[in-house]
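Q: Got a structure here, written out as structure tokens. Questions coming.
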Amino acid sequence: MGKLRAQNQVLKKGVVDEQANSAALKEQLKMKDQSLRKLQQEMDSLTFRNLQLAKRVELLQDELALSEPRGKKNKKSGESSSQLSQEQKSVFDEDLQKKIEENERLHIQFFEADEQHKHVEAELRSRLATLEMEAAQHQAVVDGLTRKYMETIEKLQNDKAKLEVKSQTLEKEAKECRLRTEECQLQLKNLHEDLSSRLEESLSIISEKVPFNDTKYSQYNALNVPVHNRRHQLKMRDIAGQALAFVQDLVKGLLNFHTYTEQRIQIFPVDSAIDTISPLNQKFSQYLHENASYVRPLEEGMLHLFESITEDTVTVLETTVKLKTFSEHLTSYICFLRKILPYQLKSLEEECEASLCTSALRARNLELSQDMKKMTAVFEKLQTYIGLLALPSTEPDGLLRTNYSSVLTHVGAALHGFHDVMKDISKHYSQKATIEHELPTATQKLITTNDCILSSVVALTNGAGKIASFFSNNVDYFVASLSYGPKTASGFISPLSAECMLQYKKKAAAYMKALRKPLLESVPYEEALANRRVLLSSTESREGLAQQVQQSLEKISKLEQEKEHWMLEAQLAKIKLEKENQRTADKLKSTSSGQAVGVAQEGATVVTAAGQEDASAKAVPVPVHSTSLIGILTRTSDSEAPDVESREDLIRNHYMARIVELTSQLQLADSKSVHFYAECRALSKRLALAEKSKEALAEEMKVASQNNSRLQDELTTTKRSYEDQLSMMSDHLCSMNETLSKQREEIDTLKMSSKGNSKKNKSR
């Protein structure tokens, strides 16, 4: 269904694109009509201009005809004026001639442009008609396909209903099978309990009555895991790394030696660039060209052997399986040496038969032929001993354990023999190269090739010497390391037992690693589920109380700061009051003596005002009748002072009560807000838990949908019959797209040509 929908969408897009293209073509046609109308307007303006010019020419001609008789009468007086009129006439004639020519040219261009525009318009109309026909055909195809798709959808829905019924029946069968499996599991559990009890009884009897010694038989003893010697493994890996480096140098030298030998055959004794070489040398060159396919595997085999020696394995001859692959690669290289040896000897004989070959050069060639035979023999000997060392890892009885040391000794002797042979080859080839350089026919190419061969031989000699000394230095360690294995026995009996031992070693290491992990204390699952909601609610209440305490502490600190501030303000007010009282007393003392009674009364009122917090009226002022202004004022202040004090007390008490009421309301609102915040946090946590449960249910729904999709996949078998039709439709659509692309290209070219024509018309 997905493929059908995708292809239906593709077809719809193609139809929409075709409709857009047809609309664009219609717009282009409109633009062409507009440009044609503009050109017609320009043509009308040009014709009107031409008529104006023709009328002007007629007027000028009439004026000229009228001026001619007048000129005849006044020839003598108007000779100068006649000359001017003739000059003007000639100028007007030229201008008229130019205008006529320009008008003719414009008429011709306009006619050509009009014809071309009509031709282009006809072509565009025909193409538009064809495109509309194709769009109609495509729409018909799309309609037919949609009908087919709807039919297929109905069929698939019917199949889906059938499969749903089938799935319900299968679910019923699955439920029955589950019941059966539960019964079988109960039976299996009972049998397991019975067998385990019997096994415990039998094991207790065996442990008490039948002692067992696993070292009695060597076959079983070989399966025991030996003590891990990390130092030995690191030493073996280091030795294998050094051997890999030496083998890489040796491989590089052999590649250079064979390659430069091939180059020498191409230029000596006959240069292939001048004349054809002999068929023998051609065959020899062909074989030498294949040297990399035989030499490179030696390095790869040694690399695999090095990678197989790790810190976790037990490295003995029975476990070094990769040594067999290295031995096989060495065998293939020896076959290559045997194949090229006769051709090499014949090539040296051909050089000896050359006319320019001297007796000294012939002797060197014979020595080199003997050296090549020795080199092949040394490699064969080395391969024989390495093949023997590889036998314990593949064949149990291929090599006895007592012969390991002698085989290793022979390997060291073979490496020293290889070094000696390479020294002889280097010596004889250097002599041969010096003799050939003195020949009159020696070319620079031959000299450089001989130098390259000599350098590769020297590199091989050095590499062989390093390998021989390295092996002789470590042969004692190799012999001693062969006893690294199961104790009190002859060692590993077979490669299979060695492989089993390595598997047991890995299992034992994994078991020890698992034992080293500390076990974490855990809460039972049921208890954790039961206490989960309690823990969440307790953490919520604890967090809410902690926030309330923190907010109350902040409020207390703010109130203490405000208290200190108002205490300081009260102290400042008292100080100001005392200063004011002192100042008024000083003023009263400085007045006249006749006002002493008034001063005393004023001082009494001041004292009473200062001590109003302790006693409201300790000293009642005696009314004294005085007619002075100060006395009147003092009497007035004495009478109004209690009213002012009482008013201030009332205002202060009112505001203090109001402040206390507002603070209590504020505290109540804060406590309610904190309580509501804690409830909101708890509700959010519950909502998160509900979301998690919702996710779990969604996962279950996914599993159910997967089962449904698995059932729907069975429907795909019914769609195979429609794939051929869809492929044909896709091919048809591809062809339609190609035709549409071609039509677009043609339309683009027409656009370009119409733009060029419009530009030309504008320039006109």
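Cβ from N, Cα, C; glycine included.
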Q: From 260-294, 400-434, 610-644, 680-714, which range did TrEMBL mark with coiled coil?
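A: My reading of TrEMBL: the coiled coil range is 680-714.
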Q: Is the coiled coil (121-180) in contact with the coiled coil (680-714), using at least 3 Cβ pairs under 8 Å (sequence separation of 6 or more) as the test?
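A: Yes; at least 3 Cβ pairs under 8 Å.
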Q: Using Cβ atoms and a strict cutoff of less than 8 Å, what residues sit near the coiled coil (542-576) while being 6 or more residues removed from its termini?
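A: Sequence-distant neighbours of the coiled coil (542-576): 667, 670-671, 674-675, 677-678, 681.
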Q: Tell me, what is the mean pLDDT of the coiled coil (22-56)?
A: 82
